[in-house]
């Protein structure tokens, strides 16, 4: 345990950061419960004890969770749930102790900040039976998602009168003429089909089949999950689970701030959308891609249309010029997943940052096993002991996965940098910061000149066309993602708050996707479907707005690190590789962990210039592309008319109609019963009055 700093040293920490603005001001949230014990020395002793015990309990839970995620069995699931309940019980007990202290009046601001976190209990506030139910619900949903498989597309089977393949036949248990056995997992088979196929019918089938297998079965479970998550949030003093999630950002009005950021970025997205739609229409025709309507979601190279990088072969501005897709080069040079991980590590160490520890290479899972089910969604793991860090990724030898490796290794680097903080502060300044770190380095690692310097590209030229190709490729990833990253939690926050009810979950999902993202479903959807559940973060209960924030803040990081590295020239040309000055600045921010509000971390990064999220760096980065897109979109409708969608998004299902009719009948009957009761009461009152009058 030598890596942990004694909590008593907090007073020293305060002096170290004393030069920061507002050091003694509100560096802690006022959330959390407090008691009447004013003994600050006892409180610090409690924190020291908590630090030691929490690290141990966290390690035990993480080990059980790792075992389940890398070997999905019922036995491992039960062990993980047992450890999760132990972890929750530990939190409950420590919360009871913490809330005896009158911590909001303590003199040490970092002690107050610690208590502001430890006195919010989270889901452990639920009664034991409901906590068990919530934990099992989430794990059941994750298991359903992670083990979902679909059948292969076979266009020779069962056609409808209009010639379309019968997409619904595979799932009709009573009338299944195909008799297929589902064998295709999301990773790698289904993902590869969505990326590579140019057959709209096959893409439409796979798009729908995945949602039938992974999303639809979760609908009723998710409704119950929302009820339990809201109950837990209210027990912690929040209006609902969405408000609880937003509290991580320590911002008064996160909703408003995000809306303002999106309003500024939307025109750039709309120009990218218009250009890509035009190119897809040239490929597939107006019967498949409308001239001024939303883009059908199955044509964008990704199961959720969240990034569009796999449409490059159809949309790249200058074919034949340098491309930053180095998949062919990786394969030609015999790269294996391990080599890709070593390549990413070398970028971090070139900045003077830490190498991955030996245990990382011994215990990480970087190739999908063939002998068992695993949760393939890439993730980074901190085992809470300052020693054990791992990545779980079913790696393919592709450019996309090379970038993902940088992203996940960025999480690990962040974990390593704040490992000397007390346990409570071992986290990102906000969730978006944690997501941004690896992506910041990938902005440099993706530049044509960097790829040339490490032998993955040849004959890179500095032409305008190469510049536009590079920026366009980056936009298919970074800009295309923005509305999706924004809307996922807008939807969840509305569901948590009750603004979106149980009977309109899917309808509201597609309203947001149409209005913000400009994509439409390739098939009619209804309220029997649950398309949000076909995205991992929904069943896994992982907040998503962090990704939207990270896609903004990573460009703020990039701009400042480039200044530190002495870069001169366009921001998109910057490569901080081998700059120890940039590495030192990054280390200074990462090592803070959650000990300071994220706004102060931004102040350190920007040398005191700003403490706010700022879209100026991302607009500066893409400025040449913005001008180019505007020139290409002359005569093209920029934006989309929802009414011109090839398929209108949500229809009312039979079940929804029946439910609505039943509810209407119940309402009418109730209304009639109430009227009859009132009339009888009035008549009874009249008779009584008449009798009284006669008696008088």
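Every residue gets a Cβ built from N, Cα and C, even glycine.
What TrEMBL lists as N-linked glycosylation site is 71 (among others). Just so you know, the Cβ of residue 71 (N-linked glycosylation site) picks up 16 other Cβ atoms within 10 Å once every protein chain is counted.
Sequence-distant neighbours of residue 105 (N-linked glycosylation site) (same chain, 6+ apart, CB under 8 A from its CB) are 38. According to TrEMBL, the feature N-linked glycosylation site maps to 105 (among others).
All protein chains shown were included, and the count of other CB atoms within 10 Å of the CB of residue 108 (N-linked glycosylation site) stands at 17. Residues or ranges marked as N-linked glycosylation site by TrEMBL: 108 (among others).
According to TrEMBL, the feature disulfide bond maps to 151-180 (among others).
As annotated by TrEMBL, disulfide bond applies to 376-394 (among others).
Taken from TrEMBL, the feature active site, proton acceptor 2 applies to 408. In sequence order, 378, 379, 380, 391, 393, 438 constitute the residues six or more apart from residue 408 (active site, proton acceptor 2) in its chain with CB-CB distances below 8 Å.
Note on residue 562 (disulfide bond): other Cβ atoms within 10 Å of its Cβ, all shown chains, come to 22. The disulfide bond annotation in TrEMBL covers 562-574 (among others).
Annotation source TrEMBL lists transmembrane segment at 657-679.
Counting only residues at least six positions away in the same chain, the Cβ atoms of 443, 444, 447, 558, 562, 565, 567 sit under 8 Å from the Cβ of residue 574 (disulfide bond). Rounded to the nearest whole angstrom, the C-alpha distance between residue 394 (disulfide bond) and residue 71 (N-linked glycosylation site) is 13. The disulfide-bonded residues examined here are 151, 180, 376, 394; by Cβ neighbour count within 10 Å, the least packed of them is 180. The Cα of residue 180 (disulfide bond) lies closest to that of 376, out of the recorded positions 71, 108, 376.
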